[in-house]
Amino acid sequence: MANIVWCNIAMFLLVSLFLTDDAVVVLDALDNVPNNIKNQPYRTGYHFQPPKNWMNDPNGPMIYKGIYHLFYQWNQNGAVMDVNKTVWGHATSTDLINWITLSPAIRPSRPSDINGCWSGSVTILPNGKPVILYTGNDRYNRQVQNLVKPKNLTDPYLRHWTKSPENPLVTPSPVNHINSSAFRDPTTAWFGRDGRWRITTGSQEGRRGLAILHTSKDFVIWKQSPKPLHYHDGTGMWECPDFFPVARTDSRGLDTSFSSGPMVKHVLKVSLTDTFNDYYTIGTYDEVRDVYVPDKGFVQDETAPRYDYGKFYASKTFYDSVNQRRILWGWVNESSPEKDNIKKGWAGLQAIPRKVWLDESGKRLVQWPVKEIERLRTTQVKWGNKLLKGGSVMEVHGVTAPQADVEVFFKVSGFDLEKADVIEPGWTDPQLICSQRNASSGLGPFGLMVLASKNMEEYTSVNIRIFRAGENSKEHVVVMCSDQSTSSLEKGNDKTTYGAFLDISPYQPISLRTLIDKSIVESFGGKGKTCITSRVYPKLAIGERTHLFAFNKGSQNVNVLSLSAWSMKSSL
């Protein structure tokens, strides 16, 4: 696989094509990461980042002729967001891990996108031809929807794209009552039984968030449906909507156009600008009425489940037809001040792509890092059945602590579960529970201290706490935390502590997997039932001065059934 990747790089370095603005073209593989950036302590080793400058939303991920493509919102000119100069960055990969960064696929050049080429999606048409629908910020600063097509379908790297002469395809107006300043991020289209394509686009009417629905026979002329696909009052703007089917009985992915039926549910995800978080609901798509109805217990607002309870936004999925899986991408922003981002010359990265599927309960989605990430594993350290006494800390030796993959299984005895503290009636917000300073209860917090300094002046704690649901209750409440409060001695960083309830039985082994990559910590609890991502910037715990610990701050003992920690190579 490495030989294939290096051959691809060599090929791109030899290519240098110059075409017009409208035929938007790759010149070659972009410059290598400058040494003054590459050697920075917070520059990640195996997460995707462009060579420099600002990156945000993932756009139009797909697989075409065996090559994975990732487009993304990118400011070529600096490490801050500039919506009026945003282009579609472009990268390709054979394995979702090692990426070749190409020149932008779409740049502002027409009246319909002259003030920025914003987010959108790829749709694979029945003839196998990929097309992109994206939002352009036009010369009047209206948000309009545009189409681009690949110029050369025989090129698996899709280096040349051409804008449609019909652009813009959809424009807000007094007639259609679409808010011209809140109409963006069209989804991947799905094909209905009536022979029409459908897309939904995020919007806002007052405080009502909605997913506007359009249909088309030819992918050029789009007609607005009388009703939105879905809406909810009081939520504000719905950015980056994503709508896709999931199988009810197994983890295989489904094509976005897969028909509804008794063995299929649908997911609607929206990114709320009010909270800067992604929320999803699970429900039914009524193909006759062209509306989405969330299942009982789901509401498309801040009470809905989240993909990730940390720093994760503007996410986008795609169907990997080769491996029959649905893959999730998400933007992870910085937690450092803007001045620091400018100084280091870059900002933003993408989370490790995750396979996503419906939990057997039908009440949540499960996420797990794509299996390809395991190819970067090298030296392994293993523990077997170690007792983690209350109040103890144990170092994990023999692994490159700043760049690692750690999976641990904890076990708590039934006797000790009976000694868990009773959760307070008002403790309904897990983030507040996790934010309690110097917390120590009967059971927990226990877990990992990652990106830690030798004497633990700095560390990020990824941990579990267990409570009894009531004084006489045999039920338990499990909370998963990612605590950044002690992550750095630097004063100016965002050190928010994140938390979420983890819907598992504590009588069973409790799994916790954490991907550590210098300034990002991605954690997966309960085999992916709950996920939390953090950005941290230690001053002491850098390079060889970084340590990894298992700990138990509770009063009751916890068993480490197994711990596997791998040093991780950097991706190309």
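Glycine is no exception: its Cβ is also placed from the backbone N, Cα and C atoms.
Swiss-Prot has this to say about the protein:
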- 1-23: signal peptide (SIGNAL)
- Asp57: active site (ACT_SITE)
- Asn84: N-linked glycosylation site (CARBOHYD)
- Asn152: N-linked glycosylation site (CARBOHYD)
- Asn179: N-linked glycosylation site (CARBOHYD)
- Asn333: N-linked glycosylation site (CARBOHYD)
- Cys434-Cys481: disulfide bond (DISULFID)
- Asn438: N-linked glycosylation site (CARBOHYD)
Original post:
Given the recorded positions Asp57, Asn84, Asn333, Asn438, Cys481, which one's Cα is the least distant from that of Asn152 (N-linked glycosylation site)?
Top reply: Asp57
Original post:
Taking Asn84, Asn152, Asn179, Asn333, Asn438 as the glycosylation sites to compare, which has the smallest set of other Cβ atoms within 10 Å?
Top reply: Asn438
**OP:** Check each residue in the chain of Cys434 (disulfide bond) that is at least six apart in sequence and keep those whose C-beta is under 8 Å from its C-beta; list them in sequence order.
**Re:** Arg465, Val479, Cys481, Ser482, Asp483, Thr497, Tyr498, Gly499
Original post:
Which of the recorded positions Asp57, Asn84, Asn179, Asn438 has its Cα closest in space to the Cα of Asn333 (N-linked glycosylation site)?
Top reply: Asp57
Original post:
What three-state class does DSSP give Asn152 (N-linked glycosylation site)?
Top reply: coil
Subject >> Rounded inter-Cα distance in Å - Asp57 (active site), Asn84 (N-linked glycosylation site) >> reply: 15
Subject >> Cys481 (disulfide bond): secondary structure state under DSSP, collapsed to three categories >> reply: strand
